[in-house]
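Input: a single structure, listed below in structure tokens.
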Amino acid sequence: MDRIAQQYRNGKRDNNGNRMASSAISEKGHIQVNQTRTPGQMPVYRGETINLSNLPQNQIKPCKDLDDVNIRRNNSNRHSKILLLDLCAGPNTNSFLGNTNAKDITVLSLPLPSTLVKRSNYPFENLLKNYLGSDEKYIEFTKIIKDYDIFIFSDSFSRISSCLKTTFCLIEKFKKFICHFFPSPYLKFFLLEGSLNDSKAPSLGKNKKNCILPKLDLNLNVNLTSRSTLNLRINIPPPNDSNKIFLQSLKKDLIHYSPNSLQKFFQFNMPADLAPNDTILPNWLKFCSVKENEKVILKKLFNNFETLENFEMQRLEKCLKFKKKPLHQKQLSQKQRGPQSTDDSKLYSLTSLQRQYKSSLKSNIQKNQKLKLIIPKNNTSSSPSPLSSDDTIMSPINDYELTEGIQSFTKNRYSNILPYEHSRVKLPHSPKPPAVSEASTTETKTDKSYPMCPVDAKNHSCKPNDYINANYLKLTQINPDFKYIATQAPLPSTMDDFWKVITLNKVKVIISLNSDDELNLRKWDIYWNNLSYSNHTIKLQNTWENICNINGCVLRVFQVKKTAPQNDNISQDCDLPHNGDLTSITMAVSEPFIVYQLQYKNWLDSCGVDMNDIIKLHKVKNSLLFNPQSFITSLEKDVCKPDLIDDNNSELHLDTANSSPLLVHCSAGCGRTGVFVTLDFLLSILSPTTNHSNKIDVWNMTQDLIFIIVNELRKQRISMVQNLTQYIACYEALLNYFALQKQIKNALPC
């Protein structure tokens, strides 16, 4: 406005002192661009204008008022219906019918956004859908508009010699829309010159009563039920609907299939070596072994996955409604709630499964000891012992929160994958991120493709932050021995935090499920041999490609050491916690320790996986967890030994209870990560060498164990096993596992 005022003060004036309009010619010689000036006062900036009379084959005709005889003149006796489009965007510029006798003219208020109107690649149908807000109103609009063949445009300013560019663009798009969808030889387009308020009332011949009276109307709607009016009211959704929009943004990768389309997009692959209801299978998996029931199997898995999605939506809704209670109120409510009881309406109850398993174990012990000792009567009928504190669900159903993940959005690789508060990994308070070196600056600049990633570490606040996008996973009600950390692929700005998680939790094995092709897609970043971290020293000691004949599997051996941060990394303006001691926000320098990384490159995002490779990965992972020296020695001697841990050796009891957590990541840390954790946990609790801490009968139960595991994992991290393809792959993979077990069993000598 200052620039316009300066032009006004310095511009030419006529003999009466009025401001004269200055004109300029655009790059297209036939378009004259005029800057609008208001005589005798401060100019009102309306944007550039176009002289339509200079355009070749211009089909837009001028009309002085709504009584212009040219509007209704045609070469036939056909009665034409007229639609007046009021393009004024101001609150007092809408017109309406002042007299219902004017049945041949309909007034429609259409204040479309000028930014979208001027986009050449944004057609009128998209403008209309965006303005109306629903496909139903768009369809209704097209049904009504097809009856009109004369269209008058009014923006209360434009003339043929000086038409606003926004109005011109809208008219051109509207003409293309009408001529394409509703072609007619009687189509006419007029521009009403001047304001509707300045236009005299049309007489429509000698009958002065039949008129359209331009009148200001503050409402943005006209009644759809009237013959001569259109309703384009935009209904603003109630506040509760905004929650649904937010939840849909978290589940934006979800694709819904109909039961009839399952056969078109999916097929369920069953190994040929398995017989229907094969005895080698657990009871709950036998329904997937009947080849003739492929449609039924797919439909059941589809329904189960939809149920999982509905459960997750309910949890996310609780994130929006949850109000954190004080600690004393939470403890009081837990005491009042008392022990958890079995609800028959639930799809499954882990507590009930535990009681059944304990009862069966007790019965077996009694049978085995019946000949050796006499069991007192008062013990034979005793009820099962109460569950320990470890048996309780990790998070009560009302305690789901995503607050820290939303607040620390710059540390998330994806905006819709956030960690739950009750299970997220919390770091000790960190100081301000280090100054960016030349090498790290290069890494950071390449990460601009991520909207959630900070472009520069200097932009970080010096406020201590314990956040990392990672969750602890532990299914204590099934088997408490196996612990996982699911996380996203670290960003350049969070690599120090990533290695801090490893050092704090004494992680020995990292499972990386990213392919090299995803590096170009910026789905992950190399977090070793990288200068984006400063508080850790990572030394790559050795690398093996395609280990144990697993194509695309790389084993890397890292030596990890925590180092003291530089003093200049901590700003003097930062508030140190506690007593201001640096040790309260930093880690002490540690002795170097070994971390193994297994990277599997042949698992593309949102796709299935070769179960043979997963079984080998599972065994290699166990070897690195429980017997790393022997396994590394065999690799150094170029001897492939993926079976250092024999699943059939029931005498071999691994120290699973004291094992370190397994850190698993893909890109987002939920899809492929969820599938691997599900399968790894299943293979562990089904193997006699690692299932000695099972709390439920994983063989004889009738409830679907994969459904249970995925649901329990989703209680701890969002979107674990992210889509239907991955969910079906879990069942196919487990069937392949038992088919391989059957082959091994049949190959053994009798």
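Just so you know, glycine gets a Cβ as well, placed from its N, Cα and C.
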Of the residue ranges 1-20, 21-40, 381-400, the one that Swiss-Prot records as region 'Disordered': 1-20
Residue from S184, S258 to which Swiss-Prot assigns phosphoserine: S258
Integer Cα-Cα distance in angstrom, C666 (active site, phosphocysteine intermediate) to S258 (phosphoserine): 29
S258 (phosphoserine): tally of other CB atoms within 10 A of its CB: 8
Neighbour tally for C666 (active site, phosphocysteine intermediate), based on other Cβ positions within 10 Å of its Cβ: 28
Arithmetic mean of per-residue pLDDT over the domain 'Tyrosine-protein phosphatase' (383-737): 79
